[in-house]
Amino acid sequence: MEKMVETANHQHPQGPPPPSLQPLGGARGPLFAPNEQFQHLQYCIHSNPRWVETFILGFQHYIVMLGTTVLIASILVPKMGGSHGDKARVIQTLLFMAGLNTLVQTMIGTRLPTVMSASFAYVIPVLAIINDISDENFATEHQRFLHTMRTIQGSLIVSSFVNIVLGFSRAWGRLTRLFSPVVLIPVICVVGLGLFQRGFPQVANCVQIGLPMLIILVITQYLKRIIHFSHVILERYGLLICIGIVWAFAAILTAAGAYNNVKEETKQNCRTDHSFLISSAPWIKIPYPFQWGTPIFRASHVFGMLGAALVTSAESTGTFFAASRLAGATPPPSHVLNRSIGIQGLGTLLEGIFGSVVGTTASVENVGLLGLTHIGSRRVVQISTAFMIFFSIFGKFGALFASIPLPIFAAIYCVLFGFVAAVGISFMQFANPNSLRNQYVLGLSLFLGISIPQYFVMSTDMNTGHGPIRTGGGWFNDIFNTIFSSPPTVAMIVGTLLDNTLDAKHEVNNRGLPWLIPFHRRNGDSRSDEFYNYPMRLNEYLPTRFI
């Protein structure tokens with residue numbers, strides 16, 4: 001309101017009126033309305049590139065998911081007494097099961113373009129199993145490996161029923177109905193940020209190839225804006241091009257003898273010929289049920305796996321929400337999350353039957369690839385399963401790509417994990433970003449979601465799998481050490497508790513619930529059927545409780 005200054009006779013104002021006051025920062029720049037879909041996606045969930053492009057993009061998804069598979073096998077198999085040949089067969093089995101689980105999940109699970117891959121959540125309980133068996137006597141190290149694999153199989157089979165029960169009993173869907181955008185933000189963010197140890201720390205294991213890979217990946221984002229005719233090529237296939245360039249550079253360094261007189265650990269990370277996968281992998285080998293022998297069931301080994309199964313449910317849920325944004329779909333409704341977690345449990349059951357070393361979860365790096373390429377097509381991910389299954393059967397060919405040095409994958413993760421974390425931040429537009437109450441919930445959930453798991457990881461002996469919780473009950477230790485080592489799980493627990501108890505009833509609008517609640521319901525938004533209904537009109541024939 002304009003303030004007037006009167007003269008002595010109360011007739012005339014003195015001097016020009018001061019300018020009207022605006023709120024600090026008010027209307028000084030463009031305001032951007034919330035968008036449920038990203039505007040720069042070239043292909044969404046049910047739109048598809050040409051077939052040639054689809055196959056190349058599918059191969060790119062296969063290459064991206066290889067890193068985690070090889071890393072898990074490289075960590076666990078030597079500790080189990082396995083040889084290079086055993087490691088090659090474990091990788092083949094993990095790839096085979098990833099192909100099957102991804103195909104089932106994209107067809108009748110979430111129907112989102114998500115790759116189902118090996119989960120790091122199972123590493124700690126598997127290390128605990130390896131440590132328990134280390135005191136037993138075996139005739140050969142190969143016998144120790146087979147016995148350990150059979151024990152892991154039994155534990156995976158039992159733990160799979162956690163996901164199966166959570167999903168098909170609809171319990172997981174009821175939990176996700178407690179989520180608001182304020183909860184989704186930290187959960188999705190730490191799905192990416194919580195994996196920071198697999199980023200630059202792994203790049204630093206061989207900076208000669210890891211750092212150039214990271215730099216070239218960033219440079220391609222500038223080149224596609226400078227060189228206009230190469231925009232589509234660099235945007236869609238830039239990752240493959242970068243891998244080819246740096247992999248060739250690593251091969252040249254290896255052949256030139258750059259790593260002949262270095263530590264063994266440096267050779268493992270830098271040399272292209274030091275994985276021994278190509279020489280040890282069989283030409284043709286089809287994974288089959290109980291290939292390592294009859295599963296061994298021990299109650300003392302199951303509990304850690306039960307905790308890992310809970311963790312993968314939380315991790316996959318955050319990844320599914322990120323994938324829905326990057327595929328141009330609506331947030332997955334509760335009934336879709338129910339069936340996806342249930343089917344994930346069936347996938348872990350198959351992992352145990354076929355003899356995988358760990359269970360399954362949604363691959364974060366492949367979701368980040370959706371955003372990097374601007375292509376969220378479901379068909380592309382389904383085609384990638386053909387490469388997973390083919391290269392798992394024809395081992396020599398698969399071993400060629402599995403021998404890519406891990407620091408190259410670590411550089412890729414720096415970009416893709418960061419992309420997923422940024423997608424989580426984009427959910428802030430659906431809540432009130434100026435609410436200090438929301439800022440409190442977000443800040444505490446984000447910080448504890450990273451800080452608590454980091455403490456548990458740093459306090460865990462990676463040789464024995466023993467974490468900081470060490471009570472008299474081994475089962476209690478295994479479950480809670482596994483749960484609190486997972487950033488998405490901790491963020492989900494803290495965020496859900498705070499958001500639903502701290503002024504929850506009075507902050508409904510600020511929390512963004514009016515936007516998200518319709519997506520929780522089966523018929524809350526008519527667009528959801530377009531993305532999540534079963535293929536081939538199966539919805540018309542299946543009872544409602546199964547869809």
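The backbone N, Cα and C atoms fix where each Cβ goes, glycine too.
Keep in mind that TrEMBL annotations are predicted by a computer and have not been checked by a curator.
Taken from TrEMBL as is:
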REGION    1-26  region 'Disordered'
TRANSMEM  59-78  transmembrane segment
TRANSMEM  114-133  transmembrane segment
TRANSMEM  154-172  transmembrane segment
TRANSMEM  178-196  transmembrane segment
TRANSMEM  203-223  transmembrane segment
TRANSMEM  238-259  transmembrane segment
TRANSMEM  380-402  transmembrane segment
TRANSMEM  408-428  transmembrane segment
TRANSMEM  440-458  transmembrane segment
*So which residues does the transmembrane segment (238-259) touch in its own chain, when a touch means Cβ under 8 Å and the partner is 6 or more beyond its ends?*
56, 59-60, 63-64, 208-209, 212-213, 216-217, 220, 224, 266-267, 270-273, 369, 372-373, 404-405, 408, 411-412
*When each of 178-196, 380-402, 440-458 is checked against the transmembrane segment (59-78) for Cβ pairs under 8 Å, which one has the most?*
380-402
_Need a quick answer: max count of Cβ pairs under 8 Å to the transmembrane segment (440-458), which of 178-196, 203-223, 380-402, 408-428 is it?_
178-196
*Would you mind listing the long-range same-chain contacts of the transmembrane segment (178-196), meaning Cβ under 8 Å and 6+ residues beyond its ends?*
314-315, 317-319, 321-322, 364, 368, 413, 417-425, 427-428, 430-431, 438, 441-442, 445-446, 449-450, 453, 486-488, 490-492, 494-496, 499-500, 511-513, 515-516
*Determine which residues of the chain contact the transmembrane segment (203-223) at the Cβ level, with the cut-off under 8 Å and only residues 6 or more beyond its ends counted.*
230, 234, 238-239, 241-243, 245-246, 249-250, 253, 258, 265-266, 269-270, 405-408, 410-412, 414-415
